[in-house]
Structures are given as C-alpha cells and as structure tokens.
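Asker: Feature list, courtesy of TrEMBL:
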- A:THR97, A:SER98, A:PHE131, A:PRO132, A:THR133, A:ASP134, A:THR174, A:ASP203, A:HIS206, A:TYR228, A:TRP258, A:THR284: pyridoxal 5'-phosphate binding site (BINDING)
- A:LYS229: N6-(pyridoxal phosphate)lysine (MOD_RES)
2 protein chains.
Amino acid sequence: MTTREDCLELDRKDALAGLRDEFSLPAGVIYLDGNSLGARPRAALQRAREVVEHEWGTDLIRSWNKAGWFELPLALGDKLAPLIGAGPGEAAVTDTTSINLFKALAAALHLQAADPARADRRVIVTERGNFPTDVYIAQGLAQWLGQGYQLRLVDRPEDLPAAIGADVAVVMLTHVNYRTGRLLDMAGLTRHAHDQGALMVWDLAHSAGALPVDLNASSADFAVGCTYKYLNGGPGAPAFIWVAPRYLDRFRQPLTGWWGHANPFAMQSEFVPSTTIRSALCGTQPTVSLALVECGLDVFAKTDIHSLRQKSLALTDLFIELVEQRCAAHPLELVTPREHALRGSQVSFTHPHGYAVVQSLIDKGVIGDYREPGIMRFGFTPLYIRFVDVYDAVETLARILDEGDYDLDRARDAVT
Amino acid sequence: MTTREDCLELDRKDALAGLRDEFSLPAGVIYLDGNSLGARPRAALQRAREVVEHEWGTDLIRSWNKAGWFELPLALGDKLAPLIGAGPGEAAVTDTTSINLFKALAAALHLQAADPARADRRVIVTERGNFPTDVYIAQGLAQWLGQGYQLRLVDRPEDLPAAIGADVAVVMLTHVNYRTGRLLDMAGLTRHAHDQGALMVWDLAHSAGALPVDLNASSADFAVGCTYKYLNGGPGAPAFIWVAPRYLDRFRQPLTGWWGHANPFAMQSEFVPSTTIRSALCGTQPTVSLALVECGLDVFAKTDIHSLRQKSLALTDLFIELVEQRCAAHPLELVTPREHALRGSQVSFTHPHGYAVVQSLIDKGVIGDYREPGIMRFGFTPLYIRFVDVYDAVETLARILDEGDYDLDRARDAVT
C-alpha cells in the first residue's frame with residue numbers, strides 16, 4: 001500500500017517537479033481542476049501589467065504594430081502548434097471554442113458540398129455525451145443550413161465506427177470526454193472517417209497540453225480547442241483553431257469578418273478571403289486576455305509533452321489506486337477507463353451525493369468539480385500537481401466519506 | 001481668431017476638465033485616436049492585477065461564482081444600457097462586433113422569414129462605405145443562407161430612404177461613419193425602415209459613449225457596438241449586443257453555444273434557447289479583457305452624455321475652425337459634415353499625402369490615424385481631450401504642411 005512517504009519520495013525523484021515553480025498556487029489548496037481552469041503561470045501577472053500599463057496605456061494605438069497585437073493570433077498559433085502536431089501557419093488563437101467549432105464545421109460541410117461525389121451527404125456524427133456546446137453548435141449550424149442537414153448522436157464510443165457510414169459528411173469528436181476522461185483513438189477514427197468519405201473535426205479542449213496530440217500524423221482535417229484548461233492561458237482565454245495545410249487555401253466559413261480578409265486594411269467593400277490561416281479569423285481580438293495565453297505556452301517550452309504524459313498517467317494511476325483502497329466501503333464508481341490508451345489526464349468517479357461531496361472537498365481545500373449526473377471530476381495537471389497532492393486529496397476524500405461530512409441540503413451555486 | 005490663451009481659458013472654464021484625471025495618458029502626446037482605441041482608465045491597471053492575481057491566481061475556478069465571472073456579460077450590459085437608451089436585461093457585452101452583427105442580422109432575417117407577410121424579402125440594405133467588417137459579415141451571412149439573400153449597397157447616405165423599399169428584410173447601418181464621421185438620423189431611418197416593413201440593426205461602434213444614443217426611443221430592433229473606442233474598455237475588449245425587449249423571447253441566431261442555453265449547467269444534449277438576453281451569448285468569455293470594460297464604463301457614471309456631447313461638438317468645431325484658418329494654403333478637404341446634427345465626435349480631412357502627413361504627426365506626438373482613401377482622422381474624446389490639445393494639434397499640423405515635413409517614401413505599417 002502506497003504511503004505518504006512513498007509519494008514524497010516520488011516527488012523527490014520527479015524530474016518535472018521544478019515546473020511547479022512556474023505557477024502561482026494558493027497556499028492550503030490542492031488544485032485538481034486544471035481541466036476546467038488552469039492555474040496561473042507566475043509570468044502572467046507581469047505580462048498583464050505590461051500590456052495594460054505600457055502597451056495600452058503608453059503606446060496606445062501604436063501597439064497594433066509595435067507590440068505585434070495584430071499578429072498575436074497567428075504568433076500564438078505557431079507557438080501552440082508543436083503541442084498539437086501542427087506546423088507553422090496552420091493554427092490561430094482566436095474567439096471561443098464554440099465559435100471556432102462553428103467555423104470548422106461550416107468549412108467542412110462546405111468542402112463536402114463542393115465535391116460532386118459527396119455533395120448529398122447530410123449527416124454530422126458526434127457523441128451524445130460530447131460537451132454540450134459542441135452538440136449545440138452543430139445543431140444550430142444544421143438547422144440554419146436547412147437542406148436536410150442533421151446530427152447523428154452516438155451513445156457509446158464503441159458504436160462510433162458503425163455510425164460513420166456513406167451518408168456522413170462530417171465527424172466531430174472531442175478527443176478526451178469532459179465527463180468520463182475517456183481518450184478516443186484520433187488516428188484510427190480519422191482513418192475510418194476518411195475511408196467512409198467523411199471529414200474529421202477534433203475538439204482538443206481536454207487533450208491539448210495534457211497529452212501528445214498529433215493532428216498531421218493522424219491526417220485530421222480540422223481541430224479546435226481551449227487554451228484556459230491544460231494550457232493555462234487564463235480565464236476564458238481565446239480558443240484555437242487548426243486547419244490542415246491541404247485546406248488552408250479553401251477554408252470557407254460564414255463569419256467573414258475583416259480579420260479574415262486577404263487585405264483587411266485596404267477597406268474594400270467586397271470580402272475576399274485570405275488563403276492562409278487568417279481565413280479562420282473574424283474580428284478584433286481581446287488583446288489583454290490573448291497576450292496572457294503566451295505565458296501558459298511558454299511553460300511547455302521548458303519540458304516535453306511525452307514526459308508530461310508519463311507523469312500524468314502515474315498521477316491518475318495513483319489516484320485510482322488510492323481511492324479504491326481508502327474508499328472501498330463507499331459507493332464510488334470509476335467512470336474513467338483504466339487502460340492508459342483510453343485515458344486522458346482526469347479521473348472521474350460517481351457517487352450518489354457527488355455534488356455535496358465535491359463541495360465538502362472544496363471547503364477543505366481540495367478543488368475538483370462536479371458534472372451531471374453524479375460525476376466528481378479530478379484533473380491532474382502534471383505541470384504542477386505532486387504525488388503527495390494525490391495522497392492528501394484521497395485522504396481528505398476518505399475522511400469526508402467515512403464521516404458523512406457533506407451537506408445534502410446545500411444550495412447549488414449558479415456555476416457548477 | 002482663437003488664440004492658445006483662449007483655449008486655455010476654455011479649459012479652465014470646462015466643468016468636465018476633471019474627468020481627464022480618470023485616465024492615464026502618456027506625457028508629450030496629444031491623443032486624437034480614441035475613436036480607434038480609447039485611452040486607459042487609471043483604474044484598469046489595478047483591476048487587471050486583481051483579476052489576474054487574486055480572482056484567477058488565488059480563487060481559481062471558484063471565481064466563476066465568487067467574482068461573478070459568469071454574470072459579467074449581462075452585468076456589463078446593464079451598466080452600458082443607459083448610454084445607449086436601453087433598459088436592464090436588454091444588452092450583453094460579449095464576443096466581437098463582427099460576431100454580434102452576425103447574430104443580430106441572422107436573428108432579424110429569421111424573424112422576417114417567420115412572418116408570412118414578409119417571408120419573401122431577401123434584401124439587406126447597408127452603405128457601401130460602412131465599416132468593411134459590417135459589409136463582409138452581411139455578405140457572408142447572405143451567401144450561407146442562400147435562397148436569394150443579397151446585399152443592396154448604397155453609395156450616399158442621402159439615397160438610403162429610397163433604397164429601403166418593400167423588398168427589404170433588414171437595414172443595417174452604422175450610426176456614425178468610421179471615415180467621414182457623419183452621424184445618421186437613427187429615429188428617422190428606423191421609422192422609415194419600419195414603415196417599409198424592414199427591421200433595423202444599428203452598429204454603434206462610433207457613437208456609444210461619444211454622443212447620446214436612444215435605441216428604445218428610436219424603436220430600433222437590434223444593435224451592436226464596440227467597447228474599446230469611446231467606451232475605453234481596453235484593446236480588443238469584447239463588444240456588445242442589444243435586443244429590443246419585444247424580441248428578447250424570440251431572438252434566434254445560429255451560434256447556439258452553451259452560454260445561450262436556457263439551462264447551461266444541466267448539460268443537456270438538446271439546445272433550448274434562453275428567452276432572455278442570454279440567447280445572444282455563445283461561449284466562455286475572455287474574462288480579463290471583459291473585466292476591464294467595467295473601468296471604462298465607471299467613468300461615465302461621473303458625468304452625463306449630454307454634457308459630453310456639448311464638449312465634443314465644441315472641440316470638433318474648434319478643430320475645423322483652426323485647421324481652416326491655419327492650413328488654408330494646403331489642399332485639405334473637410335469630409336465631416338459641418339452641421340452638428342450630422343456630426344459624430346471625429347473630424348476627417350483628406351490630403352493627397354494623407355498617410356505620410358499622419359505619420360509625421362504621430363512622430364511629433366499628435367496621434368491621429370489614416371484611412372483609405374486619403375483620409376486623416378482625428379477623434380475627440382471629450383472625457384480627456386482639452387481645448388488646448390486641439391490648438392496644439394493644429395499648430396503641429398500647420399507646421400508639417402508649411403514645411404512639407406513628411407516622408408512620401410515611408411514604408412507603410414502592417415496596421416494603418
């Protein structure tokens with residue numbers, strides 16, 4: 001049985017342990033919610049000051065050129081690229097995940113509609129258990145396009161291959177499920193989709209920065225993702241979008257704002273799409289939030305994603321092992337796959353009183369979160385979570401469950 | 001002839017002069033570009049620190065409830081409302097102007113399509129000289145909707161009424177033109193559009209915070225606008241969208257992200273639109289940039305928009321008068337209307353070498369900007385521009401023109 005001393009020893013031997021110093025973490029807190037909002041890189045405070053005080057306050061409008069504000073979405077896309085198996089000029093950091101997904105889906109459907117052999121395909125395949133906004137965005141787009149476009153919602157990941165048939169225009173999947181933490185086979189599913197004549201859109205919200213992602217090696221077509229979870233870009237920081245190089249010159253999406261124009265400052269009255277990744281841009285971006293994304297990405301330059309993945313799996317293995325040992329008497333059920341190849345960087349357990357238990361954990365400084373139905377989520381960001389944090393978190397959970405120390409009548413917060 | 005001493009006297013008598021202290025302005029600069037990027041409110045630096053250091057760094061995920069992050073788009077919409085003649089619960093600060101315009105236009109077309117008497121209307125009317133992103137977004141939407149939707153681009157504002165006929169679904173206009181500074185008659189054009197059975201979408205990018213706007217009194221249907229110009233919300237700060245109360249429960253737009261759901265945290269797999277202004281939201285917002293918008297809005301609570309308008313007109317009157325006196329020998333042409341009822345808070349002059357002249361002005365600390373073709377733009381934000389600034393700016397311009405002190409070969413910046 002793993003002891004606290006064993007965990008301290010694992011931390012002493014951990015070659016990545018020093019990365020924790022790159023982050024500012026509050027005292028007395030074990031933060032297992034980096035899968036929802038990543039912790040703050042220390043550098044972000046100084047960077048925020050620089051942007052607000054000097055770039056905005058002193059240099060004012062000149063910062064569009066001088067501080068490179070206009071180039072930020074592409075510069076950050078290039079900096080992010082190695083983490084998702086992309087090359088330079090293929091990704092941009094801009095807008096929100098929902099909006100980028102709308103662009104990617106619309107572009108994919110447009111490409112299919114332009115191909116005589118595929119123009120009659122009308123089905124978008126996704127998981128019913130995908131993050132809701134992904135499903136909603138696809139529903140909204142299908143409804144507005146009309147012409148019979150429809151969603152096919154698949155209940156179990158195992159059933160995905162069978163659901164991807166000759167009537168499917170686009171498959172849109174989230175690489176790691178937000179509730180279960182289950183990791184899908186990007187290369188295999190993409191190959192299957194292509195074999196069936198469908199295009200493949202990946203949402204990397206719970207995988208970018210958490211584990212190795214290789215979009216180009218998987219021959220994926222489009223991808224979107226989030227910078228404020230495992231990438232530690234700051235609350236609600238702009239999301240990213242990736243376009244496979246073979247589609248860059250014909251990426252067409254309905255949000256044709258001026259930043260996507262081939263020559264935005266010519267101020268022409270006719271939209272001419274850029275033939276670069278700029279065609280995925282739309283309007284002026286929130287510069288302060290955008291600039292802070294760089295601080296999160298800079299941390300990854302000090303390590304490599306394969307080492308992070310090893311540590312992440314060690315952390316989640318340990319958490320599962322300890323919970324199953326210490327909390328065996330309680331009605332917890334592991335939702336996350338045990339198999340490494342099927343696991344992201346989070347572990348989810350259900351409990352009949354999951355919401356109340358999570359609130360009690362938070363009150364005691366162990367921050368996880370709750371997702372309907374009954375799911376307690378614990379994210380393990382290998383950049384700043386220690387093995388001893390895992391041990392202490394499980395001890396706290398065990399004590400809460402042993403003592404029934406949670407309040408079933410507690411009013412729910414607006415945001416859970 | 002107005003002297004520098006006269007201007008200093010005007011400043012001494014100016015009841016609004018103290019508002020300048022609310023802003024941090026660099027020494028040696030006369031900032032006449034608040035119509036492009038508003039200056040930094042002093043409070044914004046401390047607020048940025050608070051959000052980054054404490055709300056993000058210390059309170060982490062708990063700030064969604066504790067710091068009210070989730071409610072910010074609506075809270076800021078309510079705070080903005082009095083400046084645009086709106087009531088509480090009618091506006092949200094979110095996404096970009098381009099994206100909000102897409103939502104508003106789509107919603108307007110959807111309402112028209114649902115009305116049997118108007119369902120066959122297919123024309124969107126706007127000005128050819130509208131800000132390009134407005135035109136591009138309408139083009140993109142029309143193209144994606146297909147079914148014959150098309151734009152009617154009107155060349156002169158005087159021709160707008162005649163262009164709004166019985167085939168028009170939606171009229172989409174910018175209240176103050178970004179190049180000419182011409183102010184349109186909101187109430188009159190809205191009435192005319194309604195008389196013809198069209199719906200009216202206003203873009204307030206160059207009027208919100210610059211002059212009195214009364215959306216409800218004008219019976220407007222939808223509006224969007226920018227917070228980083230006259231509202232001083234920070235570079236690229238999220239934009240706003242307003243929905244007339246009569247349409248709040250049936251505002252339908254294609255960007256159906258989870259923040260627009262009637263119950264986002266129920267995590268259902270079917271999109272059910274909110275029947276409040278939340279239906280205009282889409283995804284998670286860039287919190288740091290969003291939070292700073294409040295600092296800009298707070299300044300307006302210390303004054304009133306009618307006093308600001310009086311000062312704004314006095315500043316632009318003075319600028320026109322002085323330029324015409326001091327630069328009479330040069331080929332400058334006033335583009336902005338002289339009539340107060342037709343003027344926003346900026347003054348534009350053309351000059352054959354406008355770009356080079358503006359660059360020379362900037363080098364000498366007088367920051368205006370340039371817009372194709374040949375237009376030198378000067379914005380006068382009454383919150384922080386002094387009468388003596390107007391005098392000194394004109395003296396600098398006159399000296400540059402008299403001495404031919406500008407470089408025609410100067411390479412253009414990427415962002416003009």
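Heads up, the Cβ atoms here are built off N, Cα and C, so glycines get one too.
Annotations in TrEMBL come from automatic prediction, not curation.
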Asker: Return the count of C-beta atoms lying within 10 angstroms of the C-beta of A:HIS206 (pyridoxal 5'-phosphate binding site), excluding that atom itself.
Answerer: 28
Asker: Count the Cβ atoms, other than its own, that fall within 10 Å of the Cβ of A:THR97 (pyridoxal 5'-phosphate binding site), considering every protein chain shown.
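Answerer: So the number of other Cβ atoms within 10 Å of A:THR97 (pyridoxal 5'-phosphate binding site) is 30.
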Asker: Over the residue list A:THR97, A:SER98, A:PHE131, A:PRO132, A:THR133, A:ASP134, A:THR174, A:ASP203, A:HIS206, A:TYR228, A:TRP258, A:THR284, recorded for pyridoxal 5'-phosphate, what is the maximum interresidue Cα distance in Å?
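Answerer: Greatest Cα separation within the listed binding residues comes to 30 Å.
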Asker: Would you mind listing, in sequence order, the residues at least six apart from A:TRP258 (pyridoxal 5'-phosphate binding site) in the same chain with a Cβ closer than 8 Å to its Cβ?
Answerer: A:PRO264, A:GLY283
Asker: Let's check the environment of A:PHE131 (pyridoxal 5'-phosphate binding site): how many other CB atoms sit within 10 Å of its CB?
Answerer: 24
Asker: Closest of the binding-site residues to the residue listed as 'N6-(pyridoxal phosphate)lysine', Cα to Cα, picking from A:THR97, A:PHE131, A:THR133, A:THR174?
Answerer: A:THR97
Asker: Suppose we draw a 10 Å sphere around the Cβ of A:THR133 (pyridoxal 5'-phosphate binding site). How many other Cβ atoms does it contain, all chains included?
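Answerer: Around A:THR133 (pyridoxal 5'-phosphate binding site), other Cβ atoms within 10 Å: 27.
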Asker: In the structure shown, with every protein chain counted, which of the recorded positions A:THR174, A:LYS229 has the densest set of Cβ atoms within 10 angstroms of its Cβ?
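Answerer: Highest number of other Cβ atoms within 10 Å: A:LYS229.
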Asker: Name the recorded positions, out of A:THR97, A:THR133, A:THR174, A:HIS206, A:LYS229, A:TRP258, that lie close to chain B, meaning a Cβ-Cβ distance under 8 Å, keeping sequence order and answering 'none' if none do.
Answerer: A:THR97, A:THR133, A:TRP258
Asker: What does DSSP say about A:HIS206 (pyridoxal 5'-phosphate binding site): helix, strand or coil?
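Answerer: Coil, per DSSP.
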